[in-house]
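Annotated features, as they stand in TrEMBL:
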- 1-22: signal peptide (SIGNAL)
- 37-307: domain 'CN hydrolase' (DOMAIN)
- Glu80: active site, proton acceptor (ACT_SITE)
- Lys179: active site, proton donor (ACT_SITE)
- Cys212: active site, nucleophile (ACT_SITE)
Amino acid sequence: MLPSQPLLHTAVLALTVLQAFASDTFIAAVYEHAVILPDATLQPLSPDDALALMNKNMDVLEEAIKTAAQQGAHIIVTPEDGIYGWLFTRETIYPYLEDIPDPAVNWIPCTDPARFAPAPVQERLSCMARNNSIYVVANIGDKKPCNSSDPSCPSDGHYQYNTDVVFDPEGKLVARYHKYNLFMSEIQFNYPKEPEAITFETPFGKFGIFTCFDILFREPAVVLVSELQVDTVLFPTAWMNVLPFLTAVEFHSAWAMGMGVNFLAANTHYTGLSMTGSGIYAPYGARTYYYNMKTEDGHLLIAELDSHPRLSPASPPVVNWSSYASSVKRFSPNDHDFGGLIFHDRFTLTELTKPEGNLTVCQKDLCCHLSYKMAGKQEDEVYVLGAFDGLHVVEGKYYLQICTLLKCKSTDLNTCGQPVETAQTKFEMFSLSGTFGTNYVFPEVLYSGVQLAPGEFEVLSDGRLISRTRPTKPVVTVTLFGRWYEKD
């Protein structure tokens, strides 16, 4: 006699949980989604038309979720804006929003859809998780009514939040996060009154979650890792790549290494806004990643991670980021330092005029030291060493300390810092360090073609970022990206 469907589901779920408990690792998945966008309009759609658009996107996500589950994944992260897109006004996004309850209510929308206000998106996401026995992470919009007794209540009588939700393998809502650091174009959403630090326990470690622009700020990103000690961070994003330091794959990989956690980054895919770059990252480097500016395809990534990366023998050592650089003298005075803009910030730069050598460049309290040897430098390629110590003020205000070795766009030094994706020059070795005032420093190495270098460099405990392969692949940039949260 065949078991009933509920009994079969319970048996499968129990087996999944037991397997997760029996192992110190888990299988993670992220899906980079080419979002089906609504037509541009200044008039709100009907709720039915909005749901029809969201169902088209959820059809795609459901196939990715099924595939990931069939390949053994325990959790899958999908992108920010992955269900309805972007470029809304406050009024036009409203039909896409649902009231998302506090997870403390212990709710499985798939089996009890009528318990709260109609929530067809939550119901469907819950069923995707339950039917495939997998944690599902998605980004949707939350609406919360308010009234005149609340002095900050918007004039239309409700708050609207950019929101991440997590459903467990039973389909239960286990986490809800309201994005705190809104990007400048997110006029359709409200900030929550206080930043939220959202965590939840799983059989394979303690998880935290935040969204896109949040990564550049102390709350909630640093709080989750440094104070709440999460093992893995979930990161729905709609990341617009900015070379040379802020392409999704390089910065997200570097953040995982600098913070010592697993990082599951799922990006939207839309080359018209330079949106691509997703990955599954460990503290010791990328396990798998995807960057594609040539086509408009979605892409599923799956990789195995340590459940408790801080306990892993492969976990990198604790780094004193200024130890080495503070102990050495300036390698040589530079008579030819010059200024250059990199992503709106004015760096102090100096050219690498010789095929090998030692250089120092300083700005304010930050001195960056470089030892290097090129392997057959190309005559039509120019590299510089740069330092920036100051306040970035363009799409947000935050203090940075950056040391970088980077390729200029052309032999004209005025192009140094402009975006460039390709290079030919390889290095026999490099060692980059800086007199950082912050402990939050993220190491990046980006090769030609926007390719990462997992396993091909390391950070020593004294703060030196050094090459491990001889020679390297062609280098676009080697960077120590410091974020001085304490000065904000």
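First residue shown is number 1, and so on along the chain.
In case you wondered, yes, glycine gets a Cβ from its N, Cα and C as well.
The Cβ of Cys212 (active site, nucleophile) has 26 neighbouring Cβ atoms from other residues within 10 Å, across all protein chains displayed. Distance from the CA of Lys179 (active site, proton donor) to the CA of the residue listed as 'active site, proton acceptor' is 10 Å.
Within 10 Å of the C-beta of Glu80 (active site, proton acceptor) there are 27 other C-beta atoms, taking all protein chains into account. There are 26 other CB atoms within 10 A of the CB of the residue listed as 'active site, proton donor', with all protein chains counted. Across the structure, Lys179 (active site, proton donor) and the residue listed as 'active site, nucleophile' are spaced 9 Å apart at their Cα atoms. Here the domain 'CN hydrolase' (37-307) has a mean pLDDT of 97 out of 100.
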